[in-house]
Each structure stands twice: as C-alpha cells, then as structure tokens.
Amino acid sequence: SILFQVTLNRVDQRSDGMEDLPELPPIVIDSTKDDSKSTSIVTMLTGAVDSDVESKEDEEDKKTQWSEIYLATFITFLCSVENNMISIGEWNYLQKMDPEVDNTFFALVTSITKGGHALFSLMFAFWSHRFRVSKVPLLVGRLLALCGCILYLLIEYVPTNRRYAMLFCYCLFGISFGTSPILRAFIARMSSNKSRVTAYALFSTATMFSIVIGPLGQLAFSSISYPGHEIFPGIKFHIFSAPIWIALGTNIIAIIVVFFRFDDPWEREPRAIKKTSSTTSFSLEDLKDKFASIKSLPLPWLLVGIVLFEKAIANVTLASIFSVASPLMTDVFGFDAKQTITVHAVAQLIVGLFALTISGGFMFCKLNKKISARTLLLFSLGISVSLYIVSYPWPVPTLSRPMLPRNDTAKTGCSDLHYPWCDYALAPNPWIWISVMIISMGFTFPTSSIGLDALYSRLLGNIDQTLMQGAMVIVEDVVLFFGPFYASQMFKAFSISALWTSNVFIVAFGLIVFMATFKRFKPYG
C-alpha cells in the first residue's frame with residue numbers, strides 16, 4: 001500500500017483557537033519516516049481506524065484549505081439565494097395564481113419541499129459517499145433547480161389548478177438543495193479540528209448573506225405590481241416573479257463555477273485506491289453496510305444523538321414561523337399583499353444583518369476563543385424560550401388586540417370560514433411580534449447553526465462525514481416536513497396563542513436536556 005508520513009507541528013486537538021484565514025503553508029510530504037506511524041490512504045477515505053494514534057495525529061496534522069472553503073461557501077450562497085428570495089412572496093403569489101389556496105395548502109407546499117429535500121439529501125449523500133464523487137451530484141442538483149426556475153416562469157401557461165404546478169416547482173427546489181450534505185462534509189474534510197468553528201461560521205455566512213440579498217432583491221422590484229411587464233408572451237416580470245429571474249441567474253453562475261472551478265476532492269486520490277473504496281454496485285444492502293460500519297465506530301453516540309435532538313428542537317421554531325408568518329400578517333394583522341411582502345423583506349433583511357454580524361465576529365474577531373460552541377447553543381435555546389414568552393398575545397392592551405374583521409376585497413382580516421376563533425382570540429401587537437421575531441431570529445439562527453455544526457463535526461472526528469452530515473440534514477428536514485402541518489393546524493384550529501404555548505414547552509424541554517449534558521460536551525467545544 002502507499003503510505004504517507006505527514007510531518008507538521010503538533011497542535012492541541014481540543015483547542016478552541018482559530019487558524020489565520022490567509023492561505024497556510026503546504027503540507028510537507030515525507031515518505032522516508034518510520035512506517036510505524038504511517039496511515040493508509042484507504043483508511044483515511046473510509047474512516048476506519050488503522051491504529052490508536054491515527055485519528056489524533058491525522059487531525060492534528062491536517063491543515064485547513066481556506067481557498068476550497070471559500071469556494072464551497074460561494075456555491076452555498078448561490079444555492080441559497082433562490083430559497084430566500086422566493087419564500088418572501090410565495091404565499092401572496094400562490095393566492096394570486098390560484099384563489100383556492102389556503103394556509104393548509106401553503107403548509108403542504110413547505111412540507112413537500114422539505115420532504116423532497118430530506119429524501120434526496122440521503123440519496124445525494126449516499127451517491128457521493130458510495131461512488132467517491134462530489135462534483136457530479138452538485139451539478140445534477142443545480143440543473144434540477146434551473147428546471148424549477150424555468151417552469152416557475154412559465155406558470156401562467158397552466159390553464160387551471162396552478163397551485164399544483166407551483167407545488168412541483170417548489171419540490172424541485174427542495175430536491176436540488178439536497179446536495180447540501182456534500183458541501184457540509186466538504187467543509188469538514190477541508191478544515192482541521194482547530195479551525196472547525198471558524199470554517200463553519202464562514203460556511204453559515206453564505207446562508208446569512210443570502211438572507212440579506214434575498215430581501216434586497218425583492219424590495220428593489222416591489223414597485224412593479226402584478227401583472228408587470230411582459231418580456232415574452234405569457235412570461236412576465238413583476239413583484240412576484242423578479243426573485244425567480246434572479247434565482248435563474250444565480251443558478252447559471254453556480255453551474256459554471258461548479259463545472260469549471262470546483263475541484264472534486266475524490267479525484268485527487270490515486271485511481272487504484274479510489275477503485276478499492278468504491279464499486280459500481282448500488283443497492284439497499286450497500287446502504288445498510290455503510291450505516292453498519294459507521295455505527296461500529298467508537299463515537300460518543302449519546303452526545304451525537306443529543307446534538308441531532310437539539311437540531312430538531314431548533315427547527316420547530318423555524319417551521320412554525322415559516323408556516324404562520326405570512327397568514328398571520330394578512331389574516332390577523334390585516335396587511336395587504338404589498339405590505340406583507342415589504343414587511344417580510346425588511347424583517348428578513350435585518351435578521352440577515354444581525355446574523356452576518358455574529359458570523360463575522362467568529363470569522364474576524366476570533367470570538368470562538370472566548371465563546372465555546374456549546375455556550376453558543378445554550379444561548380440560542382435560551383433566546384428561543386424568551387421569544388415565545390415576550391411575543392405571546394397577553395391580555396394587556398399594549399401587547400394584544402381583538403381580531404380584525406375580514407375584508408374580502410383586499411383579502412385581509414380574520415375570516416370565520418377559515419378560523420373558528422376570530423370572535424374571541426387575541427391578536428399579538430404586530431410591531432411587537434415582528435420586532436421580537438427579528439431580534440430573536442437574528443441571534444438564534446446564526447448561534448444555533450454555528451454551535452450545532454461545530455459540535456457535531458467535532459463529535460464525528462476524522463471520518464468521511466458525508467453520510468452523517470446527510471443524517472443531520474434529514475433530521476432537520478423531517479421536522480421541517482411535519483412541522484408546517486403541526487403549526488398550520490394548531491394555528492388554524494386554536495390561534496397563535498395555542499401554538500406559542502405548545503412550542504415554548506417543546507423548546508424549554510430541549511433547553512433542559514442540553515443543560516443536563518452541558519459539561520459532557522466540554523471536550524468538543
């Protein structure tokens with residue numbers, strides 16, 4: 001077998017320090033050293049342990065390849081823009097294209113999108129892991145997104161039941177972003193344990209920045225009301241379609257970048273070794289064998305399970321807000337379509353700026369030397385509990401008000417046909433509710449994302465993390481699949497008060513679980 005001995009200065013594997021961002025000196029390859037401390041390349045690819053020193057020495061010796069992490073971050077940003085732009089006006093556009101759309105169907109759209117994402121996250125992760133390839137799955141994902149954009153622009157050619165055609169487009173968007181585990185595993189592969197928090201903070205910044213760019217793109221064209229300008233017969237440019245035109249452009253750029261610039265890490269390995277690590281078979285038994293081999297690894301499985309559990313808890317809040325925010329603005333707060341899109345866009349813009357500031361602090365101000373990953377997650381859970389308490393419609397004049405009557409012309413206000421609680425439920429003060437959402441989401445979204453990603457990656461250690469990163473994405477998407485049904489039905493049947501009461505107990509339970517195991521995470525951040 002081909003053996004390498006990597007000779008570098010030793011570093012503390014559990015250090016919370018951060019490597020400098022400029023490009024680091026290349027790794028020195030020395031094949032003349034004592035073979036007793038050498039590590040097989042096949043072993044490094046499969047994640048198996050050749051000796052007691054392999055895992056620790058490889059992790060300590062590995063240098064972070066920042067240029068590759070920057071590229072993966074840019075690709076993630078291009079992929080995220082479409083979601084963060086389209087989501088702002090999708091509720092209003094669905095109602096415009098098909099008047100039969102209600103908040104239950106809107107929840108179905110969100111759930112189907114996340115369901116497709118969850119399923120194909122596993123498929124893309126297994127494809128990459130089994131066949132030792134990253135570039136081709138990324139290209140397939142972007143081509144699917146491109147098809148979704150084109151179909152979305154052609155929606156007015158559909159004569160009836162347009163909601164189902166739009167549902168198919170959203171499903172394509174969800175499937176296309178199923179390649180995210182490949183990029184997440186790529187970040188882990190390109191970074192050392194020492195720089196893992198910084199690498200994932202940079203990676204998370206891609207999503208944060210797309211949250212900022214998305215609203216700016218939407219606000220820039222908010223004055224072009226529907227039906228707008230007809231570019232081609234049946235293809236129009238207006239307040240609802242402007243985001244998809246931008247998403248079309250970012251997808252084309254992403255395809256070009258992946259095709260010409262992305263250097264597939266598997267292609268760097270010798271052909272003979274890659275062949276022994278992968279075969280041309282693709283079966284359920286192969287998938288079971290891979291999971292069995294991962295399960296047999298000496299990982300702290302209890303802590304891994306708790307991180308996955310906390311990931312699910314964090315997404316309960318996201319699923320609830322995504323599902324009820326738009327119906328809440330139109331049916332409870334009484335905002336019309338343009339007001340809803342504007343408020344939503346401005347709120348998302350401010351959340352993105354908050355998130356960018358926090359992520360930037362970890363990248364450039366070395367906050368990870370002062371704040372550990374586990375502390376970040378604890379802070380995030382505490383803020384989430386506060387969110388529900390402060391934004392609850394307490395029976396105090398300044399904190400709540402009666403429901404507004406229905407205005408069928410403007411399609412605003414509370415309708416007895418849709419909600420049985422219009423006559424007695426209290427509505428939150430809209431500006432207090434929106435302000436609390438902005439502040440809490442601006443803090444909890446980046447802190448939970450950075451904290452969970454860093455802890456999870458460190459718990460997994462020096463293995464090929466593609467499948468396990470896929471498992472984390474699946475946990476997220478399972479919650480985002482069932483969460484909208486849960487949130488929309490609670491909101492529809494019992495009002496926002498019942499939903500908020502249920503959620504605060506769920507998140508508080510997650511906080512208690514993490515506090516009980518807080519000390520056990522100390523070696524990992």
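Placed from the backbone N, Cα and C atoms, the Cβ positions cover glycine too.
The transmembrane segment annotation in TrEMBL covers 69-86 (among others). Tertiary neighbourhood of the transmembrane segment (69-86): same-chain residues 138, 141-142, 145, 149, 152, 173, 176-177, 179-180, 183, 186-187, 190-191, 199, 202-203, 205-207, 209-211, 213-215, 217-218, 243-244, 246-247, 250-251, 253-254, 257-258, 261-262, 348, selected by CB-CB distance under 8 Å and a gap of 6+ residues from either end.
Residues or ranges marked as transmembrane segment in TrEMBL: 106-127 (among others). Sequence-remote contacts of a segment are chain residues at least 6 beyond its ends whose Cβ falls under 8 Å from one of its Cβ atoms, and for the transmembrane segment (106-127) they are 90-91, 94, 133, 137, 141, 166-167, 170-175, 177-182, 185, 287, 290, 319, 322-323, 326-327, 466-467, 469-470, 473-474, 476-478, 480-485, 487-489.
Under the heading transmembrane segment, TrEMBL lists 139-158 (among others). Residues 79, 82, 86, 97, 124, 165-166, 168-170, 172-173, 175-179, 234-236, 241, 244-245, 247-248, 251-252, 254-255, 258-259 of the same chain sit 6 or more residues outside the transmembrane segment (139-158) yet have a Cβ under 8 Å from a Cβ within it.
Sequence-distant contacts of the transmembrane segment (164-187) (same chain, at least 6 residues past either end, Cβ-Cβ under 8 Å): 68-69, 72, 75-76, 79-80, 82-83, 86, 90, 93-94, 97-98, 108-109, 112-121, 123-125, 128, 134, 137-138, 140-142, 144-145, 147-148, 151-152, 155, 158, 199-200, 203, 265, 453, 457, 464-467, 469-470, 472-473. Residues annotated as transmembrane segment in TrEMBL: 164-187 (among others).
Annotated transmembrane segment per TrEMBL: 199-217 (among others), in sequence order. Same-chain neighbours of the transmembrane segment (199-217): 64, 69-70, 72-74, 76-77, 80-81, 83-85, 87-88, 183-184, 187, 190-191, 242-243, 246, 344-346, 348-349, 351-353, 355-356, 359-360, 362-363, 368, 445-446, 449-450, 453-454, 457, counting only residues six or more beyond its ends whose CB sits under 8 Å from a CB of the stretch.
Sequence-remote contacts of a segment are chain residues at least 6 beyond its ends whose Cβ falls under 8 Å from one of its Cβ atoms, and for the transmembrane segment (237-262) they are 71, 74-75, 78-79, 81-82, 85-86, 88-89, 92-93, 96, 134-135, 138-139, 142-143, 145-146, 149-150, 152-153, 214, 217-218, 220-231, 338, 341. For 237-262 (among others), the entry in TrEMBL reads transmembrane segment.
What TrEMBL lists as transmembrane segment is 299-325 (among others). Beyond the ends of the transmembrane segment (299-325), by six or more residues, the same chain brings 87, 103, 106-107, 110, 344, 377, 380-381, 384, 387, 437, 441, 444-445, 448, 452, 455-456, 459-461, 471-472, 475-476, 478-480, 483-484, 486-488, 491, 496, 499, 503, 506-507, 509-510, 513-514, 517, 520-521, 524 to within a C-beta distance below 8 angstroms of the stretch.
Under the heading transmembrane segment, TrEMBL lists 345-364 (among others). Tertiary neighbourhood of the transmembrane segment (345-364): same-chain residues 21, 84, 88, 197-198, 201-202, 204-205, 208-216, 218-219, 222, 434, 437-439, 441-443, 445-447, 450, selected by CB-CB distance under 8 Å and a gap of 6+ residues from either end.
Sequence-distant contacts of the transmembrane segment (376-394) (same chain, six or more residues past either end, CB-CB distance under 8 Å): 310, 313-314, 317, 400, 425-429, 432-433, 436-437, 440-441, 443-444, 447-448, 450-452, 454-455, 496-497, 500-501, 503-504, 507-508, 510-511, 514-515, 518. Annotated transmembrane segment per TrEMBL: 376-394 (among others), in sequence order.
Same-chain residues lying 6 or more positions outside the transmembrane segment (431-455) and placing a CB less than 8 Å from one of its CB atoms are 184, 196-197, 200-201, 203-204, 207-208, 307, 310-311, 314, 317-318, 321, 325, 328, 343, 347, 350-351, 353-355, 358-359, 362, 373-377, 379-381, 383-384, 386-387, 390-391, 398-399, 521, 524-525. If you look up TrEMBL, you'll see 431-455 (among others) marked as transmembrane segment.
Per TrEMBL, transmembrane segment is recorded for 467-487 (among others).
Residues 302-303, 306, 309-310, 313-314, 316-317, 320, 324, 328, 332, 374, 377-378, 381-382, 384-385, 388-389, 391-393, 419-421, 425-428, 487 of the same chain lie 6 or more positions beyond the ends of the transmembrane segment (493-518) yet place their CB under 8 Å from a CB of it. The transmembrane segment feature in TrEMBL is assigned to 493-518 (among others).
Within the chain, the transmembrane segment (467-487) has long-range Cβ neighbours (under 8 A, six or more residues past its boundaries) at 106-108, 110-111, 114-115, 117-118, 121-122, 124-126, 129, 178, 180-181, 184-185, 188, 290-291, 294, 307-308, 311-312, 315-316, 318-320, 322-324, 456, 460, 499.
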